[in-house]
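Below is one structure; the comments refer to it alone.
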């Protein structure tokens, strides 16, 4: 946050540290993890977290880089993203096990941090929080973009416990207008582990009857379509947010892996 250190996550097991002003190489953490290091997130001016394909998250202190502060165990597959809520000091991670896990860094010990599974969806690829931590965006390999609105990280979400705001395709302005005027458009839900069918009418009618603002952790399901790719399907492999949360940039690949 103070812009004094640049950290680099490497495909092997390394983390590199540089002085961003002079470009001087400060240090290499040669065995930061046992597999590829995927993401780095600073918690404050000295603490940072790394995640890896070895299924773990590690906490580090810039003042003592010879050893980890602690290692966090909870995911069962490759961990791809780390986010951090500075207001609650909650660390948020996601992995290819489909889980989004919350870690309470207020109560960290050498053995780790208390944690809980916050959300699960099949085919999870990437997860991001908006800068104000009011929304969580999740991309999937099945072409869905999930948005949790009015985010409350203290409440774990089980299947069926969150209201559905909308389920629609983002193809054209006419489709979006139609979706808004005639009610949500039903599409297959990626969030039900044992049901690949459409979102239930009970869910949809309850959400469409809500009054006032959105309830906490309301789920919006979008299926962005890439022009010319309607019949090929898409995997949303990368997800990046505007620094002020105004827009999201998606990187999609066809299910046949012959086009991005």
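Cβ coordinates come from backbone N, Cα and C, glycine included.
No curator has checked TrEMBL annotations; they are predicted automatically.
Feature annotations, reproduced from TrEMBL:
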COMPBIAS  170-182  compositional bias 'Low complexity'
COMPBIAS  206-217  compositional bias 'Polar residues'
REGION    170-233  region 'Disordered'
REPEAT    30-63  repeat 'WD'
REPEAT    72-104  repeat 'WD'
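With a cut-off of 8 Å between Cβ atoms, the residues of this chain six or more beyond the repeat 'WD' (30-63) that come close are 1-2, 4-5, 7-15, 69-84, 89, 91, 93, 95, 103, 105, 108, 113. Residues in the repeat 'WD' (30-63) partition by DSSP class (helix H, G, I; strand E, B; coil) as 0 helix, 18 strand, 16 coil.
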